[in-house]
Each structure stands twice: as C-alpha cells, then as structure tokens.
Amino acid sequence: MLLFLWIETSSEYFNFDWVTFLGTGYWFFWSIFILSLARILTAYSSLLLLLGFLLLWERIELYLHLCHKILILLVILLCVILMFIICKFWKERWLVAGLSMQIFAPYVHLVSITVMVILFWPVAFYVACLEREVRMRRYRMTHSEKKRLKQCNVITRLRGLQVPVGLPFLLILLGLYLMPLGIYSPCIQEKENLGPKPTIFGHRGAPMLGPENTMMSFEKAVEHGAHGLETDIHLSYDHVPFLMHDFDLKRTTNIGEVQPESACENPAFFNWDFLSTLNAGKWFVKPELRPFYNMKPLSEADKERARNQSIPTLADLLTLAEKERKFVIFDLHRPPPKHPLRHTFVRQVVSVILASKIEQHLIFWLPAHDRQYVRSVAPGFQHVGRLVSIETLAKNNISIINVDYKKLFPNGLRDYKAANIHINVYTVNEPWLFSLAWCSRINSVTTDNIGLLSQLDHPHFFMTPKFYVFMWLLADIISVLFIVAIFCFHWRRETEKEKLFETSSTRTDTQSGNLHIAMKPPVRVVEGPWTLAALYPALPKSGKEHQGHFNFAAPSKKLLPIKNAVTPLKPGKHEIQPPMPTVVFELTQAPTRQATSEATFQTTLPTLKVDKPTMPSIEVPYP
C-alpha cells in the first residue's frame with residue numbers, strides 16, 4: 001500500500017525534495033531514495049513470503065534466519081512510522097490513492113481476477129486433500145463405538161478446516177465479480193462525451209527543459225505549445241518585480257559564490273542592481289542539482305544557453321507573453337516586514353502590468369489582496385479564485401478557480417463545472433493524472449512536464465462502457481472456466497489416490513486372512529548325530545510345541561538309566577576324511593504380513609568312509 005501510494009504521488013516529488021532542501025540545505029532526490037527503498041523492501045518481503053509458501057507446499061519445516069527476522073522487524077517498524085507520518089501530516093495523500101483508483105480500478109479489477117485464479121490452485125489442492133482425508137478416515141473407521149466417536153470428531157475437524165479456507169476465497173471472488181457495479185471512472189464514457197484536451201500552463205516555464213523562472217524556460221514552454229505561463233513574483237527593495245520561487249537565493253543562483261553570507265536572506269531585501277548580476281542557470285546543468293530525476297539530457301547548445309541565464313523581471317515575461325499572445329498567471333508574494341512595499345505591493349505590480357501594454361484579458365489575476373482596487377484600475381483582468389463555495393465566487397464575480405489536483409476527488413468538481421466555472425488544476429506532471437483531468441472535462445492544467453503532456457492526443461486508460469462490460473464478462477467467464485478446471489483436476493487426482501488406497505487396503509485384508517490358515521509342517525526332520533535325541537534316545541519326545549521351534553520336555557523325576565545306544569565308530573582301513581557338515585536351509589515365508597516365518601530345516605550328514613558304520617535316522621513327528 002505504501003509503495004503504491006508513493007508511486008502515485010510522483011507529481012509531488014519536487015515539492016518533497018524542496019522541503020527537505022529547506023530543512024537540510026542540501027539538494028538530494030530523497031523522493032527517489034524512498035521509492036527505491038520501498039521497492040527493495042517490497043521485493044524482499046514478497047520473495048521471502050513466496051519462499052515460505054513453496055516450503056510449506058513441499059511440507060518442509062520453516063526456519064527463519066536471525067538476519068531475516070531482524071530485517072522483517074525493520075520493515076514492519078518502517079511501515080508503521082511512515083503510515084503514522086502520512087496519517088498525521090499528509091492526510092491529503094490518501095486523496096491521491098482515491099484518484100488513482102478512479103482511473104486504475106477497471107484494470108485492478110481484471111488483474112485481481114487473474115491473481116485469484118492463480119491462487120485458486122493451492123486452495124483447490126488443499127480442499128481436495130482434506131476431502132480425501134475425510135473419505136479415507138471414514139473407510140478405515142472401526143466398529144468400536146469409542147473409536148468410532150473419536151474418528152467422527154476428527155472428521156468433523158477436517159470438515160471444519162475446509163470452511164475457513166474455501167469460504168473466504170469464494171466471498172472475495174464473488175466481490176471481485178460484482179466489483180464493476182461500484183466502480184466510477186471518468187475515463188469510462190462514450191467517445192462523443194469526451195471533452196476537449198485541457199490547455200496547458202507552463203509551471204515556471206518549462207523547468208524540465210530550462211532553469212525555472214528564466215527566459216529560457218518560458219521560451220521552451222512557448223515552443224512546446226503552452227497556452228499560458230505560470231510564475232512567482234517577488235519585489236526587490238527598490239520596487240522592481242522579478243521572478244523567483246524560493247524565499248532565498250541559495251538554490252537557483254550563484255550567490256554562494258558571490259556573497260555567501262547573504263545566501264539565506266530574503267531576496268526582497270536586495271536591490272535590483274545586485275540581483276541582475278546573479279547567474280540563474282549554472283546550477284541547472286550540474287547533475288547533482290537537477291530539479292527532476294526524469295529530466296532528459298540537455299544538448300550542448302542548451303547547456304551553454306542555460307549557463308548564461310539571469311533573473312528576469314516581470315516586464316521581461318510580459319513582453320514575451322504579449323508577443324506570443326500567451327496567458328499569464330502568477331503567485332504574488334507579499335514582501336516581508338520592514339519592506340517599503342509591504343502594504344502597496346499589489347498596486348506596484350498592477351502599474352508594471354499596465355505599463356507593459358499587454359492585453360488585459362491575458363492576465364489571470366490570482367492574488368486576493370486588494371482585489372477591488374485591481375478591478376477598478378484594470379477591469380479587463382480575468383480574476384481567479386481559490387476553491388471556495390460557488391456562492392462566494394458568484395458574489396465576487398469570479399468565474400475561474402485554481403485548485404490542487406487532489407481536489408478532483410471524489411466527484412471531479414462536478415458542481416463547479418455545472419455552474420460553468422473555468423477550472424485550472426496544479427501541478428499535473430503524470431500522463432495518468434492528465435488523462436484523468438481530461439476525462440473529467442477540466443479546462444486547463446499547470447505542469448512541469450510540458451514536453452510530455454503536450455504530445456498526448458488521446459487520454460490514457462480511456463474505454464467505452466460497452467467495451468468495459470465486454471471485458472468484465474469475458475474475464476469473469478474465463479476465470480470461472482479456469483477455476484472449475486483446476487478444481488476438477490485436483491478433485492480427480494485425489495479421487496484416484498483414494499481408489500488406489502482402497503484397492504491396496506482390500507488386497508492387504510485378503511492377504512491378512514491367510515494368517516489363520518495352518519501351515520503343514522514337514523513330515524520328516526533328519527537329526528544330526530550331535531542332537532540330544534540322537535545321543536540320548538531315552539529322553540521323552542513329547543513337549544509343548546511353539547510355532548517354528550522344537551522344545552523338548554524336561555524329563556520326569558524318575559529317570560531310567562541311560563544306556564549308550566550309539567555304536568562307537570571304528571576307523572576303517574583307509575584314511576578317514578573329517579566330516580564336513582553342510583547345513584542347508586530352505587526358508588519359505590508365509591504370504592501374509594503378520595505370519596511368522598516357517599522354515600523347513602533339513603540337515604544332511606556327509607558320508608564317512610568307515611567300516612560299515614551305521615547311524616539310523618531319527619524321525620521326529622509333529623504331534
């Protein structure tokens with residue numbers, strides 16, 4: 001929001017830099033610095049948010065480094081401070097946001113719908129996953145009442161998660177679909193209702209093409225088709241009206257080189273003889289002192305011409321205006337206390353104007369001081385008022401007003417246009433703002449950027465109501481189709497996962513049934529000569545059997561004498577080869593997951609070369 005607000009107030013950048021110059025004494029593009037900082041912080045926060053979203057999407061645990069935590073806290077603190085400053089001291093900046101929404105709202109609507117379609121992808125995925133989880137839990141629900149109630153509570157919670165995720169999204173989307181019903185934009189109208197292009201007054205001439213309030217600047221404005229010239233007038237100590245905006249000579253003259261101790265004094269306390277010797281153009285060609293960041297580079301001829309500029313008088317401007325038949329409007333600054341013209345400055349300026357022989361209707365008289373005297377001695381002047389009530393303007397016989405462009409919000413000064421009052425707004429430097437004034441049927445604007453605005457032959461962002469309705473319905477229909485397609489895609493994919501789960505569960509249940517089928521044990525187990533049964537045949541063979549193991553029961557208390565029933569082996573005539581027992585295990589696992597492995601153990605005794613020794617095999621039957 002802060003970035004958007006600062007971008008839209010670009011017409012105020014010069015005033016902001018000028019105010020900081022008055023406070024610091026150093027000219028710097030603080031407005032551009034704040035804009036760049038806001039863009040960097042916005043990009044950083046957006047990338048961090050996007051990274052966090054992607055990590056959550058991949059189900060990776062989030063870990064925010066300490067540096068990121070500090071930067072996020074600084075961003076939040078800076079936003080809070082700037083928001084406080086704007087709400088406390090610059091409340092009118094919110095009017096700029098309102099004006100920008102009047103012209104950008106149709107495009108914001110279309111972009112917002114596109115963004116909502118993109119955001120619907122994770123929303124649909126999450127809702128579909130929750131639905132699949134609910135169905136899977138229902139499928140696995142046991143018949144036990146206690147577990148059943150517990151499962152039902154889990155399902156209810158899962159259902160409840162779908163509401164806060166899907167419902168706000170649908171409400172916002174519905175609001176966007178109905179948003180055009182509440183949009184008011186002056187640039188949405190029929191072509192035949194579009195008013196003429198506003199005429200342009202050069203603000204201090206053409207300050208982007210030449211040093212402000214110099215003859216070069218005014219001549220550049222005339223070359224670019226200015227309808228009128230705007231300036232600021234001070235009176236020297238010896239009664240000469242001259243053109244100067246600031247209340248000192250530090251920024252726009254070389255007084256720091258000529259008389260540095262007087263750089264911060266009011267120019268009204270200097271005589272014209274001294275003021276006429278000051279250079280008023282060298283500062284303009286210095287890159288670090290250029291007044292506008294987006295100025296075009298000057299040619300070498302213009303640079304040389306700017307270096308030779310001096311402070312002009314009001315008479316010089318009137319001569320140019322009379323020659324080119326241009327209107328003149330100016331702010332007249334009252335001299336400070338102890339000035340000889342403190343109370344008669346208006347009459348002095350009027351006498352200079354009348355002496356110039358300029359046609360009186362070319363003068364737009366803006367000062368409110370001593371207006372009755374001006375009417376009496378110069379009845380041909382066109383008197384300009386401020387933004388006061390229509391009744392007050394009619395009482396003072398004023399049919400022209402000069403207002404700040406922010407006053408166009410909210411209704412574009414409809415009442416004044418209905419009263420047939422000529423409206424001039426200042427200071428309009430951006431094409432979108434000029435287009436808004438054009439669509440609002442404003443009569444004239446005052447601008448610093450005459451080079452750009454004079455080239456516009458059609459307002460930007462203009463569209464007819466039929467075209468906008470077509471774009472509105474087309475965007476809504478396309479978005480609905482995309483949303484339905486995305487939802488069906490996720491729903492179908494989760495349904496396939498659910499079916500796959502059910503199939504695997506059914507197969508598992510079938511295999512689990514095999515756990516109850518008894519496995520036939522092997523009929524015969526060959527015992528080796530080292531087993532107890534072979535060595536002690538008198539031992540009882542009955543015992544409690546465990547699956548997969550052979551357990552021999554303990555002998556009774558009364559044991560029979562054990563006879564050695566094994567015939568001792570006698571070596572043969574030939575060399576006896578040592579026995580090499582080989583144990584072969586054939587392991588057959590049950591097909592079920594829970595079955596205990598059953599194995600058939602088969603022990604084979606290798607043949608011994610002896611004199612016909614015999615070892616009877618012992619069969620151990622299963623009970």
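For all residues, glycine too, the Cβ spot is worked out from N, Cα and C.
According to Swiss-Prot, the features are:
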BINDING   Glu230, Asp232, His245  divalent metal cation binding site
DOMAIN    198-457  domain 'GP-PDE'
CARBOHYD  Asn308  N-linked glycosylation site
CARBOHYD  Asn397  N-linked glycosylation site
TOPO_DOM  1-17  topological domain 'Cytoplasmic'
TOPO_DOM  61-69  topological domain 'Cytoplasmic'
TOPO_DOM  91-109  topological domain 'Extracellular'
TOPO_DOM  131-162  topological domain 'Cytoplasmic'
TOPO_DOM  184-468  topological domain 'Extracellular'
TOPO_DOM  490-623  topological domain 'Cytoplasmic'
TRANSMEM  18-38  transmembrane segment
TRANSMEM  40-60  transmembrane segment
TRANSMEM  70-90  transmembrane segment
TRANSMEM  110-130  transmembrane segment
TRANSMEM  163-183  transmembrane segment
TRANSMEM  469-489  transmembrane segment
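The Cβ neighbour count for Asn397 (N-linked glycosylation site), using a 10 Å radius and every protein chain shown, is 10.
When the alpha carbons of Asn397 (N-linked glycosylation site) and Asn308 (N-linked glycosylation site) are compared, the span between them is 43 angstrom. Note: His245 (divalent metal cation binding site) has non-local neighbours Arg204, Glu212, Asn213, Asp232, Thr252, i.e. same-chain residues 6+ apart with C-beta under 8 A of its own C-beta. Residues in the topological domain 'Extracellular' (91-109) partition by DSSP class (helix H, G, I; strand E, B; coil) as 17 helix, 0 strand, 2 coil. Shown are the recorded positions Glu230, Asp232, Asn308; the one with the most C-beta atoms within 10 angstroms of its own C-beta is Glu230.
DSSP places the residues of the topological domain 'Cytoplasmic' (61-69) in helix, strand and coil in these numbers: 4 helix, 0 strand, 5 coil. Long-range neighbours of the topological domain 'Cytoplasmic' (61-69) within the same chain, counting only residues 6 or more positions beyond its ends whose Cβ lies under 8 Å from a Cβ of the stretch, are 48, 52, 55. Only residues 6 or more beyond the boundaries of the transmembrane segment (40-60), in the same chain, are considered here, and those with a CB under 8 A from a CB of the stretch are 3, 68, 71-72, 75, 78, 122. Listed as Cβ neighbours of the transmembrane segment (18-38) (distance under 8 Å, sequence separation of 6 or more from its ends, same chain) are residues 2-3, 6-7, 12, 250-251, 288-289, 293. The topological domain 'Cytoplasmic' (1-17): residue composition by secondary structure is 15 helix, 0 strand, 2 coil, according to DSSP.
Each of His203, Arg204, Glu212, Asn213, Thr231, Ile233, Leu243, Phe330, Asp331 belongs to the same chain as Glu230, Asp232, His245, is absent from that list, and has a C-beta within 8 angstroms of the C-beta centroid marking the divalent metal cation site.
Distant neighbours of the topological domain 'Cytoplasmic' (1-17): 27-32, 34-35, 38-39, 42, 79, 82-83, 86, 93-94, 96-97, 99-100, 291-293, 405, 427-430, 433, 448; these residues of the same chain sit at least 6 beyond its ends, with a Cβ under 8 Å from one of its Cβ atoms. Note: the CA-CA distance between Asn308 (N-linked glycosylation site) and Glu230 (divalent metal cation binding site) rounds to 22 Å.
Below 8 angstroms of C-beta separation, residues 4-5, 8-9, 12, 176, 179-180, 183-188, 404-410, 432-433, 435-436, 439, 461, 463, 468, 471-472, 475 of the same chain, each at least six residues beyond the ends of the topological domain 'Extracellular' (91-109), sit close to that stretch. For the topological domain 'Cytoplasmic' (490-623), the predicted model reports an average pLDDT of 49.
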